[in-house]
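These notes concern the structure reproduced below.
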Amino acid sequence: MKFTLVSSSIALLVTALAVEAAPGGKILSVPLQTNGNYKPSIKASLAKVAAKYSKHKINPLLNVPGGLASTEGTGSVPVIDYEIDIEYYGTVSIGTPAQNFKIDFDTGSSDLWVASTLCSTCTTHTRYDSTKSSTYVADGRTWSIAYGDGSTASGILATDTVTLGGLAIKSQTIELAKKESSSFASDPIDGLLGLGFNTITTVSGIKTPVDNLISQGLITSPVFGVYLGKASKNGGGEYLFGGSDSTKYTGTLKTVPVNKSQGYWGVTVSSLKVGTTSVGTSFSGILDTGTTLLIFTETIAKKVAAAYGATDNGDGTFIISCDSSNFKPLVFTMNGSTFNVPADSIIFEQDGSTCFASFAYSSGMSLSILGDVFLKNNYVIFNQQVPSVQIAPSIDQ
């Protein structure tokens, strides 16, 4: 899911993925770039996340499958984060010859869409030009996306070769934007590549890039590992398709079943604590590289805030003490294992003498989103074939 947050002068969108194949495959390198001009509004961003997830009703996570298939091989791809871990995006090539785009990788959605020359309002972005690609094939179907703040994007479908770091996915369905509202103009990305399951594509029946990487034999194991670095620890990061990188985590990987019935990487959080103080039990969550912060239900968020002495701004965000020395870690329990967000990650941003918490809520949401505040503290291997994840503390925790 593409979800951004801003507190005062900052934008908090984060998503990223760069990948590398398992042994026998080619190396996929997706170097990430940054843009400091991206500053959306916090209220609009909260509306976007509520609207996007409300499109697909989220049910309690029942009858989740267990286990995780063993991976074959690893791959290393360096990435760069934007300022204080605000946004990650990588270069994806589309067409023959290649046209390069800054693409947001998002485990909370499943579409691949990009600005195109059919769009007269997309001039701030690099636009895909179908007339310059010998592998372009028209589709004719239409697509559209609407966000809660009124911003929209729409266009037509096509297929073309999509290249991720040297691996060419043939006949990949892409969504070409013909229209986008003015609110997208300041967004640094040219498009978005979803890493969720194919049941939530905007147009039904479309195979995702991950589907095609697997079916076309471009990777030998249906997994991708995600390591997001912290700006406070020299930033960077690493993303892999087809394997995991044991140098990016400590301790033992713990398996957590995933419920993909709603199309997301859904998990059950059996317990949430601030230190030893319980603030939530048995709730549904989504692992989402496209969300910067931790987004809880209003009830849980206010309990978390109370435990940290934070003040509700009334818009879903919280003011929190700038002194974290007495903070306790935020502890998630999933499938019997605990995973931490340490005290130094509870403060997300400081604006003068005011600090903003790294957790928030969106009124009316019935689920929680474990965004990059969780993911940059915990290394996660996503397994698409056996819906599950493996999690271990990140080396940056």
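Residue numbers in this text run from 1 along the chain shown.
Glycine residues also receive a Cβ, built from the backbone N, Cα and C atoms like all the rest.
Look at TrEMBL and you will find Asp106 (among others) tagged as active site. Of all the Cβ atoms in the protein chains shown, 24 others lie within 10 Å of the Cβ of Asp106 (active site).
Among the features that TrEMBL reports, active site is placed at Asp288 (among others).
The disulfide bond annotation in TrEMBL covers Cys119-Cys122 (among others). The Cβ neighbour count for Cys119 (disulfide bond), using a 10 Å radius over every protein chain in view, is 21.
Annotation note: Cys322 (disulfide bond) sits in a coil segment as assigned by DSSP. Counted within 10 Å of its Cβ, the other Cβ atoms near Cys322 (disulfide bond) come to 13, all protein chains included. The disulfide bond feature in TrEMBL is assigned to Cys322-Cys355 (among others).
Per TrEMBL, the feature domain 'Peptidase A1' maps to 88-392.
Taken from TrEMBL, the feature signal peptide covers 1-21.
Comparing the recorded positions Cys122, Asp288, Cys355 on other C-beta atoms within 10 angstroms of each C-beta gives the minimum for Cys355. The distance from the Cα of Cys322 (disulfide bond) to the Cα of Asp288 (active site) comes to 27 Å. Here the C-alpha separation of Asp288 (active site) and Asp106 (active site) works out to 7 Å. Checked against Cys355 (disulfide bond), the recorded positions Asp106, Cys119, Cys122 differ in C-alpha distance, with Asp106 being the nearest.
Note: the Cα of Cys122 (disulfide bond) and the Cα of Asp106 (active site) are spaced 21 Å from each other. Secondary structure from DSSP puts Asp288 (active site) in coil.
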